[in-house]
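Just below is one structure, and these are the notes that go with it.
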Amino acid sequence: MKILLAIALMLSTVMWVSTQQPQAVHTYCGRHLARTLADLCWEAGVDKRSGAQFASYGSAWLMPYSEGRGKRGIVDECCLRPCSVDVLLSYC
């Protein structure tokens, strides 16, 4: 029983430490930004749809979300300031 408790404690500690490590942030601008985003989206298997494809579904509630992330763009988030891969993936 003590060994199971020790293993559980060790696993929970390892999991906690791995979640506490900060994700690397970099500045991406110009071609580097475009290539990195294209590579990440391709690896993630994201098939970005155009606004016309959303309109073909005819769902009025989808239209406000087809504009993307609003006023802040990828350049604001990843070129003017460093950003993580998670932020880049959110633009796929």
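FYI, residue positions are counted from 1 along the chain as it appears here.
A Cβ is built for glycine as well, from the same backbone N, Cα and C atoms used for every other residue.
For Cys83, the cysteine that Swiss-Prot lists as its disulphide partner among Cys78, Cys92 is Cys78. For the residues Gln20, Gln53, the entry in Swiss-Prot flags pyrrolidone carboxylic acid at a single position: Gln20.
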